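**Q** What follows is a structure written as structure tokens; I'll ask about it next.
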């Protein structure tokens, strides 16, 4: 079976985007892993499937990590999604309603080509994240082997654990991130974020993503970090979130309000691959 796809990225967080509306798609976890493999397949952080909506949305949006596991949400992917459906003539709407496992998100294509996404209302209740804790708190102490780390925990449709660090370049993202990702207090695993506060409207961020490892950028991670910082009184909206590859801009007006994320979405190339595995 030949599979048509488009390679895209949002600040280097890269995706294989597949139109499953106009071509029949049935991919096994093994096929997903092979497609995402940077040596044996196309290579990406996540695979995005565009499907027909089941409800009153315009499209259904499915996200698979490089390990083949399906996840609830991906902010950078949502921006690439709306860019794809516009570029391929699948809609002419500036504002698109997209079904995800975590609910409906509403990306909007801006006049300058950037994409703004209503990422929904963040969740702080440990049961909803999910995170094992007796009650909601601004920060929690997490035991890692012989030490404790202070985290904020929030769901942006997927779970995040955010730490504040003084030196982002030397933060233990690659060594500590995998430990936090699989910590027993996060039943569905977690994305581990490390943020350095530059000023009340600017942070630098690195994220070790659940099922993908450290990525060059993470949209839901940017939202979670900004929200956690605002909750703790460290930040004020709007927040510029800087990754090594560029910036996202996050707006959040407080409790029970949606988070808005603005950033780029870039198409790299179109391709076709024979699925012989």
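Cβ from N, Cα, C; glycine included.
The model shown is predicted, which means the values in this text are computed figures rather than measured ones.
Copying in the features that Swiss-Prot gives for the protein in this structure:
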type: BINDING; residues: 13, 46, 65, 75, 76, 158, 191, 209, 210, 219, 220; note: substrate binding site
type: ACT_SITE; residues: 74; note: active site, proton donor
type: ACT_SITE; residues: 218; note: active site, proton acceptor
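How about a rundown of where these features are and what they're close to?
**A** Sequence-distant neighbours of residue 220 (substrate binding site) (same chain, six or more apart, CB under 8 Å from its CB) are 73, 74, 75, 119, 156, 157, 158, 160, 191, listed in sequence order.
Take the CB of residue 74 (active site, proton donor) and look out to 10 A: across all protein chains shown you find 32 other CB atoms.
In the three-state DSSP scheme, residue 218 (active site, proton acceptor) is classed as coil.
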**Q** So, three-state DSSP: helix, strand or coil for residue 76 (substrate binding site)?
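**A** Going by the DSSP assignment, residue 76 (substrate binding site) falls within a helical segment, counted as helix.
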**Q** For residue 218 (active site, proton acceptor) and residue 210 (substrate binding site), what Cα-Cα distance in Å is obtained after rounding to a whole number?
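**A** Approximately 11 Å lies between the Cα of residue 218 (active site, proton acceptor) and that of residue 210 (substrate binding site).
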**Q** Taking the Cβ of residue 13 (substrate binding site) as the centre, count every other Cβ atom within 10 Å, in any protein chain shown.
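**A** Taking every protein chain into account, the count is 28.
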**Q** Which residues of the same chain, at least 6 positions away in sequence, have a Cβ lying under 8 Å from the Cβ of residue 210 (substrate binding site)?
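**A** In sequence order, 65, 71, 158, 159, 181, 189, 190, 191 meet the Cβ cut-off.
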**Q** Any same-chain residues 6+ apart from residue 76 (substrate binding site) with CB under 8 Å of its CB? Would you list them in sequence order, or say none?
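**A** Counting only residues 6 or more apart in sequence, the Cβ neighbours of residue 76 (substrate binding site) under 8 Å are 9, 10, 11, 13, 15, 217, 218, 219, 263, 265.
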**Q** Which secondary structure state does DSSP assign to residue 210 (substrate binding site), in the simple three-class scheme?
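**A** Coil, per DSSP.
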